[in-house]
Amino acid sequence: MKIINSKQKALQELRRISQRTTSGDNKKINSIVENILQEVKFHGDIAVEKYTKKFDGFYPKPMQVSTRDLKTAWEETDQHLKKSLEVAYQRIKKFHEKEIPESFTIKGEFGDSVQRRWMPVKNAGLYIPGGRAAYPSTVLMNAIPAKVAGVKEISMVSPGNEKGKINTTVLAAAYLSGVDKVFRIGGAQAIGALAFGTKQINKVDVISGPGNIYVTTAKKLIYGFTGIDSLAGPSEILIIADRTANSSQIASDLLAQAEHDPLASSILLTTSNDQAQEVFDEVFKIIENHPRKEICIQSIKNWGLIAICENLESCVELSNEFAPEHLEIITIDPKTTLKSIENAGAIFLGKWTPEAVGDYLAGPNHTLPTCGNARFSGSLGVETFMKNSSIIEFNEKSLKINSVDIINLANSEGLHSHANSVKIRFED
């Protein structure tokens, strides 16, 4: 982790961090994933089983988790944890219900009408990271908006551990969220199964959910066969702070991101020299006894940054350039600072709003754009699992009144048959 007090050097470092997923192995990874996808496309379940054994160490037979096992997982979950899952479920559901887009109709002066109609996709596939990890919150954040959208069938894939078991809490979250089918598979082969369909797994219309570089590459390659939510990179947090912020709290928030992944990025932009040093010291003090010490060290060492800025305006300028996935504003007046923020996936205001609040139960989705993509995209939501159609209806009068303009525009583009398709309707 570097401490930098030059705006220009800080900008250079932020750009380096933003490009941290760029790798010389991309061609090799693409080739591996392409081969896996092709095998799944042509050999279905046999290929899925083959690669699950190769990469995860077990044959997924049966591949699907039974409805009974899902219910049992919920029943066996600790009562306190069940309550927490239910609280999160209700808050996330309430927020996403407000996201449902409205269809509308505009009636023209001469009897014509145009409509926008929103409809859910029929089938959705959710990818939930697994193996040694367990992320029930990711189940909630993907399944709830799909359910709110009105998706008829939600299929979830998640890799099992070395014994082929999916974490009980992950299964409990799937049961609570109304996931219809759960399969004990992961990796690029699972993405291929969802995209192309197999005898056991129905082809889906949209795939959502985060994964490693192989999963992300698979999502990129199957886009066009099916829809995807986004191409998520490693997680990141940027904190804008002034001297009123608590240095220990900032250090904890930075490490809450670093513990995710060696490629996770934790950044502090502060107006205080003293605070910069205090946070630096506190970060390494906490790391010494951290249960994920090695991951934190790699993340902080390679992708951590503390930049000292002349004022909050400079902090905001650097933040907007970086476009962070998570942005915390811990200043004397966070709402005033917020007014100048242009690019961020999710924004957390004040010292009582650590990023973990958004990860678990605030309500907004925690699947957010990374690596600068917040400049042009936002979070996963209900619309991820919906599509819209335009419905257009003209009558004789409205077409006749507009015919001259349509014909003029068609002729300007050299499209004779377009123009003639209007003319012919008024010929005797």
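Every residue gets a Cβ built from N, Cα and C, even glycine.
Feature list (source: Swiss-Prot):
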type	residues	note
ACT_SITE	Glu325	active site, proton acceptor
ACT_SITE	His326	active site, proton acceptor
BINDING	Tyr127, Gln189, Asn212	NAD(+) binding site
BINDING	Ser235, Gln257, His260, His326, Asp359, Glu413, His418	substrate binding site
BINDING	Gln257, His260, Asp359, His418	Zn(2+) binding site
> Ser235 (substrate binding site): which of the binding-site residues Tyr127, Gln189, Asn212 have a C-alpha within 10 angstroms of it?
Replying inline: none
> Given the recorded positions His260, His326, His418, which one is most crowded in terms of C-beta atoms within 10 angstroms?
Replying inline: His326
>> If I restrict to non-local contacts, at least six residues apart, and a C-beta distance under 8 angstroms, what lies near Gln189 (NAD(+) binding site) in its own chain?
In response: Ile36, Glu39, Val40, Ala47, Val48, Tyr51, Thr52, Phe55
>> Taking DSSP as the reference, which of helix, strand or coil describes Tyr127 (NAD(+) binding site)?
In response: strand
> Whose Cβ lies within 8 Å of the mean position of the Cβ atoms of Tyr127, Gln189, Asn212, the NAD(+) site, other than those residues?
Replying inline: Val157, Pro159, Gly186, Gly187, Ala188, Ala190, Ile191, Gly211, Tyr214, Val215, Ala218
> Within 10 angstroms of the C-beta of Gln257 (substrate binding site), what count of other C-beta atoms is obtained when all protein chains are considered?
Replying inline: 29
>> Using other CB atoms within 10 angstroms as the count, which residue among the binding-site residues Asn212, Ser235 scores least?
In response: Asn212
>> Let me check the 10 A CB neighbour count of Tyr127 (NAD(+) binding site). How many other CB atoms are there?
In response: 28
>> If I take the alpha carbons of His260 (substrate binding site) and Tyr127 (NAD(+) binding site), what is the distance between them in whole Å?
In response: 17
> Which ones in the same chain are close to Glu413 (substrate binding site), with CB under 8 Å and 6+ residues apart in sequence?
Replying inline: none
> Where does His326 (active site, proton acceptor) sit by DSSP, helix, strand or coil?
Replying inline: strand
